[in-house]
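These notes are about the structure you will find just below.
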Amino acid sequence: MNYNLNKYTGKEHKTSNYTAFRNLLQLITHEKKNLVVALLAILVNSTLNLLGPFLIGYTIDHYVQHKQYHGVLVFSGILLCMYLVALFTSFFQTKLMGGVGQRTLFTLRNAIFSKIQQLPVAFFNQNKAGDLISRVNNDTDKLNQFFSQSLMQFVGNIVTMIGAGVFLLIINYKIGIAALAPALLILVFTRILSPWIKRKNAANMKTVGGMSAEIQESLSNFKVIVAFNRRDYFRKRFNEANEKNYTTALGAGLANNIFLPFYAMCASIAQLLVLTGGIYLISQGEFSIGLLVSYLAYATYFYNPLRQLATLWANFQVAMAGWDRISEILALETDLVTVPAAAGHHTSSALLEFKNVHFGYPEGREILHNINLSLEKGKTYALVGPTGGGKTTTASLIARLYDPTQGTVLLNGKDIRGYDADERSMMIGFILQEPFLFTGTVKENILYGNPMYKDYSNEQLTEVIREANLEKLLAIFEEGLETKVASGGDGVSLGQKQLIAFMRAVLRKPDLLILDEATANIDTVTEQLLGEILGKLPASTTRVIIAHRLNTIENANEIFFVNSGEVARAGSLENAMEKLLHGVRMS
Ligand SMILES: Nc1ncnc2c1ncn2[C@@H]1O[C@H](COP(=O)(O)OP(=O)(O)OP(=O)(O)O)[C@@H](O)[C@H]1O
């Protein structure tokens, strides 16, 4: 399955605004109560604001023109109260929707993070960490901003606009129509430009992701960069990413603000039409000054929210572009699902078997062709072969980091896909070529993902370690179990990292233990010690050792030579050596 998220660009443009809006709303359906209260608050707010111009016009015609200042004072008081209540409702809905936005952000981030955790290794091969971080952090925040700041303003502005439009048409339908006509232009303009605005914002988010990916790559490889003095190269690459982001941000900024001057112009034209028409009607005795003041205010009340809607519409396009990027992740499903055991399930003396297995990485050539092999319980197997020959790939299929493109892998006679991830990872221990350690202590790292000793005290764990013959390895660490390990394993040597990974795998007591170049950075004496520990594993444990240093596999019961898409029995160590020296290389 192809997990490359950046292949999905363009798909989002097919979603209509209406569908996207409905999808966005579905994210907050569980907030129904808060939404209803916020909606009521915004309705009250808009209604109070809408009544203002009418009361002002009324006051002018009935009290100001007749110099009845008592009435003016009374209506001023009423207006003040109305504006205070409007202020309170506005504050209240802002608070409510702020909560809705933050909770949505919280839920979305959790959902994306746990989805990412469920996805298979192929997903991580095909996507850059920086881009994923940007999706989890930045894109979700765009939705938060939409829900907390824009959604209710959106509703409020629409209510105010409709209210103002109704007042304009009721007071005098001829001037009303003239006042509203320029809005049609806005409608057409908005419709035409919306897809373009969304595209501009999607492009901008993509470049933010690209920039994060550059930062992540250079930060995680800073040692290589310093050692090879490649700072300029990475500076240049970052500069390019930054420049792309700058260009797309300018484009998105322009797109997001392009409505504003056009809206302002339409609003001014409307005011001009109202003023001309109003003065003409006053001269004909059909209109009063108070009504004209109300009218001008309603025209403003119609066009101001419309102008704000332009910004809000742009926010909506930004949120939709963000949602597209987020939903691309949420829509992904792992193809490493647990499937019911196939009918062909048979009992077998072999712990693990490959039956006509083919495998290739997505969009790559086939790495393994029609492999058949069988690993017996309690035996030690070695995989040797040239660099890039396919040893790690074979081991990854044994541990089900990937599924074969054709054929079946059987574990204990049952399709390996029939085991759930917990069962499988307890049965198969994999010491990777590049062991990764987490920030914490040696203890936390060796107990990682191991429920058996989760609540053990240091004393109990030391006893377990002694029973597993690992105490000499632990003694290499100055502070034993409590030795601190920094993020990614900095602060401990590469060899020490491999020892921690070794202890982590052995303590899980797997049925099958895979060591992929697991001793490549370990001194000969310690390596012998590891050999002894491996020798003392329970008699039923099967070991698969990948090694370039052939002395480490002297004791293997069987040696497989992995190259050119084949996994062939090599027979003796000498044979394997001969193949290695004179064989045809794949890479
Ligand atoms: N994640 C990946 N995506 C695409 N191709 C890959 C990936 N990992 C490995 N390959 C390709 O698969 C082939 C086999 O690689 P593999 O890592 O299995 O070789 P190996 O025998 O373990 O090599 P080494 O001895 O260097 O560890 C190589 O040509 C490599 O380029």
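Keep in mind that glycine also has a Cβ here, set from the backbone N, Cα and C atoms.
A quick note: this is a predicted structure, and the numbers were derived from the prediction, not measured.
Features as listed in TrEMBL:
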TRANSMEM  35-60  transmembrane segment
DOMAIN    36-317  domain 'ABC transmembrane type-1'
TRANSMEM  72-92  transmembrane segment
TRANSMEM  151-171  transmembrane segment
TRANSMEM  177-197  transmembrane segment
TRANSMEM  258-281  transmembrane segment
TRANSMEM  287-304  transmembrane segment
DOMAIN    352-586  domain 'ABC transporter'
Fill in: Segment-segment contact (the transmembrane segment (177-197); the transmembrane segment (287-304)) at 3 or more Cβ pairs under 8 Å
yes
Worksheet item: Which sequence positions outside the transmembrane segment (72-92), separated from its termini by at least 6 residues, show Cβ-Cβ distances below 8 Å to it?
Response: 38, 41-42, 44-45, 48-49, 51-52, 55-56, 58-59, 63-64
Worksheet item: Do any residues of this chain, six or more beyond the ends of the transmembrane segment (35-60), have a C-beta under 8 angstroms from a C-beta of it, and if so which?
Response: 28, 71-72, 75-76, 78-79, 82-83, 85-86, 89-90, 92-93, 96-97, 100, 152-153, 155-156, 159-160, 163-164, 167, 288-295, 297-298, 301
Worksheet entry | Residue numbers, six or more beyond the limits of the transmembrane segment (258-281), whose CB comes under 8 Å of its CB atoms | 172, 174-175, 178-183, 185-186, 189-190, 193, 197, 287, 291-292, 295-296, 299-300, 302-304, 306-307, 310-311, 313-314
Discussion item. Which residues of the chain, 6 or more past the ends of the transmembrane segment (287-304), have a CB below 8 A from one of its CBs?
Written reply: 49-50, 52-54, 56-62, 64-65, 160-161, 163-165, 167-168, 171-172, 175, 179-180, 183, 263, 266-267, 270-271, 274-275, 278-279, 281
Response to the item:
When pLDDT is averaged across the domain 'ABC transporter' (352-586), the result is 84
